[in-house]
Amino acid sequence: MKTYYEQDANVGLLQGKTVAVIGYGSQGHAQAQNLRDSGVEVVVGVRPGKSFEVAKADGFEVMSVSEAVRTAQVVQMLLPDEQQAHVYKAEVEENLREGQMLLFSHGFNIHFGQINPPSYVDVAMVAPKSPGHLVRRVFQEGNGVPALVAVHQDATGTALHVALAYAKGVGCTRAGVIETTFQEETETDLFGEQAVLCGGVTALVKAGFETLTEGGYRPEIAYFECLHELKLIVDLMYEGGLTNMRHSISDTAEFGDYVTGSRIVTDETKKEMKRVLTEIQQGEFAKKWILENQAGRPTYNAMKKAEQNHQLEKVGEELREMMSWIHAPKELVKK
């Protein structure tokens, strides 16, 4: 595994160049501000709206996506996956010039062929492995978050060096930047989200909650045991792996972990995980998601509404009113 650090990157390669950050959401605001603090010239390309005003208030020169691409030598695409292909076709593609770099923080659109850059531009990825607010906060504290770097197309012969310069400007070489490929980053990211981090965990939490409530236990108690305490366990794993978590819990809980875990996540579960991975690798999920967006998201919207109306959510909303240390915004925001 090749990992790059501060001494392996030269942010000076971006001096005299302009970086266009396309999009000013979670990653956009963090990467743009970190780059600026590293002495890099940054412009923000967004359409008129809330993000336009926020970027302007943050002191950036804000312009249309087309103008930003024409202005910059490095173009970082930080729009949501489902918007990138359309914006690329409408405003980016015709404005690309020989020798420019097209950057991404997720490989979805390149790997699944939704964006096909011309052969005369570099195509690379710098993917911080943390949400935007953490990328920014840790940078301001003098540190950085780990990231992945990949080169899809090296038209100039310097693509990796420029990508590492960008990673250093964002602060990621302070922690370490691991070399990967667009394929590996995309497929593992989608699998992790679907099978473990989002799909797997939410299904497990709901199943546990429903098992307890159907067994006659009060929903409030079920919520505490199946969702609320999950953060305590995840934090222990996050800080020191499974061993640290097991060292920190009671022996009763640890024994229950050993004898029961494999009854919940069975060999059949793992077989299904492999089927999910195959669907991702073969592009079936990507096709499904692209078609879902083209159709106006009927399935997505219906499932989202049903999930939001689950008893677990209603009970949780009430119980969190008891928790003074939780400062959740009334309006949901992407971090």
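The count begins at 1 with the first shown residue.
Here the Cβ of each residue, glycine as well, is placed from N, Cα and C on the backbone.
Among the candidates GLY107, GLY113, GLY132, GLY142, the residue that Swiss-Prot annotates alongside TYR24, GLY25, SER26, GLN27, ARG47, SER51, ASP81, GLU82, GLN83, GLN84 as binding NADP(+) is GLY132. Taking the C-alpha atom of GLU193 (Mg(2+) 1 binding site) as reference, the shortest distance to any of the binding-site residues SER26, ASP81, GLY132, GLU229, SER250 belongs to ASP81. Within the domain 'KARI C-terminal knotted' (181-326), the DSSP-based counts of helix, strand and coil residues read 124 helix, 0 strand, 22 coil. In the three-state DSSP reading, TYR24 (NADP(+) binding site) counts as coil. Sequence-distant neighbours of SER250 (substrate binding site) (same chain, 6+ residues apart, CB-CB distance under 8 A): none.
Binding residues for NADP(+) (TYR24, GLY25, SER26, GLN27, ARG47, SER51, ASP81, GLU82, GLN83, GLN84, GLY132) extend across at most 20 Å, taking the greatest CA-CA distance. The DSSP secondary structure for ASP81 (NADP(+) binding site) is helix.
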